[in-house]
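Colleague: Checked TrEMBL, it gives:
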type   : residues : note
DOMAIN : 6-62     : domain 'Double zinc ribbon'
DOMAIN : 140-228  : domain 'Phosphoribosyltransferase'
Amino acid sequence: MILSKIIDLIFPQTCINCRCNIAHSKNSLCNICENAIDFLNDNYCTTCGTSLQNNIKVCTKCSLGKSYITNLESVFAYNQYSKNIILNFKFFDDLYHIKTYAKWMYTKGHYLFPETDIIVPIPLHKRKLLYRKYNQAALLANSISKLCKLPVELFALKRIYHTTPLYNLSINMRRQTIKKSFKINNINAIQGKKILLVDDVVTTGITIQTCAKKLIESGAKEVKALTLSRTLRT
């Protein structure tokens, strides 16, 4: 007890979102951030993130198209209150809390694992991987794998085109850019398999749907997805 207090004084725990000093917290969040972040409990469209009633998986608008994902679960909404978690993790080498994020995702997606054969992270292009030094989706996938005891296929998918940041592009431009960016890298690993795609954040859903489409068209039996966060539509 005394040793723990001394350690806390020397190395105070900080909130993973706002970085303020906090007392011991099982979620690694300060009270303000924990109350502000929208931890998702409602039902949302697996394609666009629109809030839905009952157990419907796809909204009316998206049902007119085709979704290649049977389930998409995310831990929290990506917005002004939570964005620092993703930005710190993705761009500022905040790797200390990977186990916390993986536990959140494991808890949120617990029902997905019994009907899953392999976990596949969304890949980075080699140029971006060299610059960033790590693929955050792969780190999450490996950590989740240790909890659910499922194998990870790190190289099932390959990103073959290096794209510029997409956040300033329209939906149509994003779709055109992304649809040619991925290919199946190991077809034997995915054929006939029920696959769980893992990523840090879903914004438009185009990337994860494109990867799911590639997997299904190459022989995967089913594709589900689990992410740390996602943008919601109203």
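Along the chain as shown, residues are numbered 1 onward.
Every residue, even glycine, has its Cβ placed from backbone N, Cα and C.
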Colleague: Return the average pLDDT for the domain 'Double zinc ribbon' (6-62) as a whole number.
Modeller: 80
Colleague: Quick check on the domain 'Double zinc ribbon' (6-62): DSSP residue counts for helix, strand, coil, in that order please.
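Modeller: Here the numbers are 14 helix, 10 strand, 33 coil.
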